[in-house]
Amino acid sequence: MEIIVASSVGILTAGGVYLILRLRTFPVILGLALLSYAVNVFLFASGRLAIDQSPILSKYGEATYTDPLPQALVLTAIVISFGMTAVLVMIGLGAFLEADSDKIDIEAEDDSKEVQP
Amino acid sequence: MHWIILPVVLPAMVAPLIGFVMRWDITLARSASVATTILLVGISIGLAVMASGGETFLYKLGNWPAPFGIVLVLDRLSALMVLLTTVLALIVLIHAIATGWDNRGRHFHALFQFQLMGICGAFLTGDVFNLFVFFEVLLIASYGLMIHSGGKDRMRAGLQYVVMNLAGSTLFLFALGTLYASTGTLNIADLAERIPQIPPEEAALVRVAAILLMIVFAVKAALFPVQFWLPATYANAPAPVAALFAIMTKVGAYAILRVHTTAFGPGIPGTEGLAGTWLFPAAIVTIAIGAIGVLGARRLMPLIGFSVVGSMGTLLVAVAAFSPTATSAALYYMVHSTFAAACLFLIADLVVSRRSADRLIPEPATVQNGLFAALFFAAAIAMAGMPPLSGFLGKLLVLDAMREPGVMGWAWSAILIGSLLTILGFARAGSTLFWKSTAMTPEADNSGLEDVAPPNHATALQVAPSMLALAVLAALAAFAGPVSAYLEDTSAQLFDRDGYVAAVLEQPEEG
């Protein structure tokens, strides 16, 4: 199971970084979404991987439990990244409509001619 | 003891009220926003007085004991930062209202209050994950403020800013996951207690987490090599928002100070010297980038943005030493550079709004050319670090703290040469904007753009915020003795790791 979790975090991160480096609005949004999936799985793994264990202490003593804190962290991270993606989509749409281009890079403006009046 | 949470709760309650109830009535929104900010200044003065005794106060949310629940911690450093934030916010808010910036788009005041909530929360929290949450709060408000009033360039620069910070947030989460996996806690005091127990040969994951966290904070603090977003963002943001953002870079510097001193700081075998080793050269390069950028800028707003980059470099050179003397110098310079940068942006707004654009080219002199020139001159010498304002004293303190061999040569030459280049850049900009403009004859006006707007005099209220910021800088220089004595106590408290851990983790039960 470790190899599956580790490689999925790695592949999601690699895909996310690649898409962000495309520097166009839509791939970048997808890339950031992939990155946030990767980090969510990663946060889960930070509380040690466990199967079939509840995240609460059992009152019957012997039953082991899995760490509940990473689950709370992941929940917070999911909510925040979901909201942020929505904001990013709106700002990206606004920038596309204003500038008529979905490039994220801003090319250097040519203001050399205006220096000498 | 509920005072500690008020700087977070008060704006959090007022902001939705302004957003939903007062959205159609700008006068009502303005009065609510100003009243809240004045209240916040009062509260933060109260908190600063409370913390000045040297005690560390704790606020347990939901009354859960420290390592399990989230805590807010008030010590001298966080009280100082909250006070700095609220005073700056009041100055910026008056400027935004007086110049009408707040009415050029929707929801300025609601976003402004959310921004204050995030910044104050980030300064007060005692938990690294909670720090992440407050970072997100202040960032999401700053996205809205950054693109306030819209426009092509602003939207595109805003998109860049958002993408940059979202990538940074993801990195923050990776760092927190690594830290939790290796230590089992995210409470700063608990981290400070557990990390020293990890033997150095097993601390590799902790070191990775420490460096990842430093990269994240460096993005906020505009440190090389992740400084490139700052000039474009500050140059395209509305000027009052850029002035408020002067505190945002300091959030990054504060987080490095707090986390890397308390949790990964000196005296801990696993991570000792790690942060300083990387921070110092990066800060030196940051100073160089800032100075060269100031010298090469062709527009006024990016010029000020680069001077902010340079001042962050100077600040982080002092932070990188991780010693009490250097930290108190860094704190003095931090207070100074926040007000100096904000003041420059506010004055630049007054100047640029009366010209065709913010390009550094001679244009016919505007009304009140002398007044603006004097204000710009005063703010520029403060930023560049010339006497008599506090920039000179701040840089002097930083230089004085950097006396170790091996550090001194790099730090002194970077700061001194950087200051010289900054002075040259500002002198060039000021003489183009104000002197060459007076030399132009009014006839030359016809060759350029038609003068659309009639000359509009700056009202007293529009100039007052910049004057106020300058007055703060002058006061900081005049009362440098008491201020630096207080800051020495502050950094002594910051380096007293055992005191912090004891105050947070072993708080006696109280009703």
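Here, residue 1 is simply the first one shown, and the rest follow in order.
In case you wondered, yes, glycine gets a Cβ from its N, Cα and C as well.
TrEMBL entries are annotated by machine, without manual review.
According to TrEMBL, the domain 'NADH:quinone oxidoreductase/Mrp antiporter transmembrane' annotation covers B:126-421. If you look up TrEMBL, you'll see B:6-26, B:38-59, B:79-101, B:131-149, B:161-183, B:203-223, B:235-257, B:277-296, B:303-324, B:330-351, B:371-389, B:467-487 (among others) marked as transmembrane segment.
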Quiz item: Can you find at least 3 Cβ pairs under 8 Å between the transmembrane segment (B:277-296) and the transmembrane segment (B:330-351), where each pair is 6 or more residues apart in sequence?
Solution: no
Quiz item: the transmembrane segment (B:131-149) and the transmembrane segment (B:161-183): do they have three or more Cβ pairs under 8 Å, with pairs 6 or more apart in sequence?
Solution: yes
Exercise. Report, as numbers and ranges, which residues of the same chain sit near the transmembrane segment (B:371-389): CB under 8 Å and 6 or more residues beyond its ends.
Key: 304, 307, 311, 336-337, 340-341, 343-344, 347-348, 350-351, 395, 419, 422-423, 426-427, 429-430, 433-435, 458, 463, 466-467, 469-470, 473-474, 476-477
Self-check item: Tertiary contacts of the transmembrane segment (B:303-324), as residues 6+ beyond its ends and Cβ separation under 8 Å
Solution: 221-224, 227, 230-235, 242, 246, 249, 253, 256-257, 260-261, 265-266, 275-276, 279-280, 282-294, 297, 330, 333-334, 337, 340-341, 344-345, 348, 360, 383-384, 395, 398, 401-402, 404, 407, 411, 414-415, 418, 422, 425-426, 429, 488, 491-492, 494-495
Quiz item: Hey, which bits of the same chain come close to the transmembrane segment (B:6-26), Cβ under 8 Å, at least six residues off its ends?
Solution: 32-33, 36, 39-40, 43-44, 47, 72, 82, 86, 102-103, 106-107, 109-111, 113-114, 116-117, 120-121, 124
